[in-house]
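Trainee: So TrEMBL lists the following for this protein:
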type     : residues : note
SIGNAL   : 1-22     : signal peptide
DOMAIN   : 28-110   : domain 'Inhibitor I9'
DOMAIN   : 136-594  : domain 'Peptidase S8/S53'
ACT_SITE : Asp144   : active site, charge relay system
COMPBIAS : 203-218  : compositional bias 'Basic and acidic residues'
REGION   : 203-225  : region 'Disordered'
ACT_SITE : His217   : active site, charge relay system
DOMAIN   : 391-464  : domain 'PA'
ACT_SITE : Ser550   : active site, charge relay system
DOMAIN   : 665-761  : domain 'Subtilisin-like protease fibronectin type-III'
Amino acid sequence: MAGRSCLSLLLLFLLLISLVVATVAKQTYIVHMSRSQMPSTFTHHLQWYISTLQSLSRETTEEGDDEAIIYSYETAFHGFAAKLSEKEAEELETSHGVLAVLPDTVYHLHTTRSPEFLGLEPETSNNAWSSTVRDHDVIVGVLDTGIWPESPSFSDRGMGPVPARWKGACETGRGFTTKNCNKKIIGARIFYRGYEASTGAIDDKDEFKSPRDQDGHGTHTAATATGVPVSGANLLGYARGTARGMAPRARVAAYKVCWSGGCFSSDILAAVDRAVADGVDVLSISLGGGVSSYYRDSLSIAAFGAMEMGVFVACSAGNSGPDPISLTNVSPWITTVGASTMDRDFPAVVKLGNGMNITGVSLYRGRRNLVVGKQYRLVSMGSNLTTPDPRSLCLEGTLDPHLVAGKIVICDRGVSPRVQKGQVVKDAGGVGMILANTAANGEELVADAHLLPAVAVGETSGKVIKHYSSTTPRATATLTFEGTKVGIRPSPVVAAFSSRGPNLLTLEILKPDIVAPGVNILAAWSGLASPSSLSTDHRRVGFNILSGTSMSCPHVGGVAALIKASHPEWSPAAIKSALMTTAYVHDNTYRPLKDAATGEASSPYDHGAGHIHPTKAMDPGLVFDISPDDYYDFLCSQKLTPLQLKAFTKTMNRTCRRTLVTAGDLNYPAISVVFPEKNAAELTVHRTVTNVGHAVSTYHVKVSPFKGADVVVQPDTLHFSHQNQKMTFKIIFKTRKPQMEPEFGGLVWSDGVHKVRSPVVLTWLPPM
């Protein structure tokens, strides 16, 4: 009995200890402060932040209040990040000058021929643009996993001195010295305090606590935006040619915010804040988290601050398509980029024993080749044709070597990485793999550098192969690989994985803004990572092929750098307008852009304004410009409280001007009209265009017809007499027959040389 009593006391003691630990457990919070409310008794904001913490009922902690502060934000965002208990965070929300207290959140990476496909390859335009970028020394900041400085994509041969205005630094650490920066890579910084506060100290033996890119993702995105031309670039012989970024003469600054365990918002904020202070012109951020209100989205607030400083911000839309309402980074001052295909592919063929040939894709190039002309036994481990199970998904430990050895195995896509499935098949003794899409991926094909002969096929083809395998005794197949082919039709096509609208945060702001190449993109790679990123893959390559909106985002960031170089006086909104109003919505077969998920025509909820057309974006004719005050008035229309609005003010002078009747009146290049109810008879929105084309010009308007409403534009002709002249027009929508589904169309202003196109979306809300 005595032993049992001692055990009970011990358990009670351990329980009390755990409760105490839980009570004082610290996590990182981002504290957004109102800059203008700092008391005059302080000479620096950091003093105010420390004093604010000292005023709390601080629970027992090993750190002092100054040590508890992880970051102090001063440029694009104002406030600090600190380790706090939940109780302290709640108390802090009521402190003087505190606008919001936000928990640190994890963001995720949104994982060549594209210059030629985008019309940037001809020497005439390429040389002119390169000279323009050199003359204006445009700087692109890339927030990602770091950079591999030895890649030839970052050679500084022929580049002039680092711009005198640059205030950045080349931070050093294991595997990275000041010599790794040059006149191309002019800045390299790391941000890890938020990450370490949540996950523990980074083991510098396993992971480079320096700007060096161990993962490869950051090197790939930086090279896509700014890489210099490298002839003979390829991945295992595929996609051979000259690889170059969108703005090869631009400078690049790498801000490493992502580590093996993720990317934390406190670190991302610190990087944006520092990048703006350093002097970047463009930020490319291939990261995303969830969607929250504007005033609670720390990246949105930081991007607002960057925009105020004249910095163009491009962010990836996310890889959660084709589900609707799957977008991230939806703020109107951010350029949100979806992904599309190019006209290059890597075909591979599955030849079944019944003589049927099925085309898929693959980047396999290895020594484990199948014997030419030989048919191999084909096996599918799934229990049926519709519902995947662990065996059909080829998850680790699910394949019986006695059943798959020496055979080609059919594996369903999903749950585990695509290339890892091939490793599972290989480990079980299989000689090849057919990777079949399920309904979640449809007919979209993404090529991979597999570890054994493998071909990816669409959902329909997968069903055909499975049916043959299950109904034919001793079914057989063989796999052949056809290398690289260009001129694929139709292209571009909206990628199935690309995240979709509508933007439920504000239906009047159409998202994504545009799409750009994001499927099978060749760019520089880390010397430490395999092309598959699997630890069991010992291959090393200088270039890799990746897919994702992570790849489409730096395409837009790089093109924005080109436009900024040619038009240094343009605002971020003007650059965004140029990209959107010159985008195209038809493929190379002259049909509407298709959606890879359905094979049908895509909509503005899928492709935004359309696919970028860089050469036309350089000379858009007219732009829809938006000032920081205009964006602030947009926020005023979003029913934010005065305290919530302070998240976007840096002085006490900014107030709501009430210039927007509705959010739809923001001078956005896209027009999304929301009728509040079915019986709404008429709705009017206003726009203002600035002439950046010929000084004397006349534009006429055309509007596509709608079933649900008649559209009248007043005036329908715009006469300009000089450059930078502004003219306002209104668009009147008169309900004719309310529609159950949104309607899509376009409005085009043309002077015979330029076509300035705005996508138009009409939505009737159901009665409450």
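In case you wondered, yes, glycine gets a Cβ from its N, Cα and C as well.
Give me the local environment of each listed feature.
Mentor: Under DSSP, residues within the domain 'Inhibitor I9' (28-110) fall into helix, strand and coil as 24 helix, 27 strand, 32 coil.
Counting every protein chain shown, 28 other Cβ atoms lie within 10 Å of the Cβ of Asp144 (active site, charge relay system).
Using a Cβ-Cβ cut-off under 8 Å and counting only residues 6 or more beyond its ends in the same chain, the compositional bias 'Basic and acidic residues' (203-218) has close neighbours at 109, 111, 142, 144-149, 170-176, 180, 188-190, 192, 254, 256, 258-260, 286, 525-526, 528-529, 533, 544, 546, 550.
Summarised by DSSP class, the composition of the region 'Disordered' (203-225) is 9 helix, 1 strand, 13 coil.
Neighbours of His217 (active site, charge relay system), defined as other CB atoms within 10 A of its CB across all chains, total 26.
Note on Ser550 (active site, charge relay system): other Cβ atoms within 10 Å of its Cβ, all shown chains, come to 30.
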Trainee: Taking the Cα atoms as reference points, how far is Ser550 (active site, charge relay system) from His217 (active site, charge relay system) in Å?
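Mentor: Their Cα atoms are separated by 9 Å.
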Trainee: In whole Å, how far is His217 (active site, charge relay system) from Asp144 (active site, charge relay system) when you measure between their Cα atoms?
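Mentor: Per the Cα atoms, Asp144 (active site, charge relay system) and His217 (active site, charge relay system) stand 7 Å apart.
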Trainee: Looking only at the domain 'Subtilisin-like protease fibronectin type-III' (665-761), how are its residues distributed among DSSP helix, strand and coil?
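Mentor: Helix/strand/coil tally for the domain 'Subtilisin-like protease fibronectin type-III' (665-761): 1 helix, 57 strand, 39 coil.
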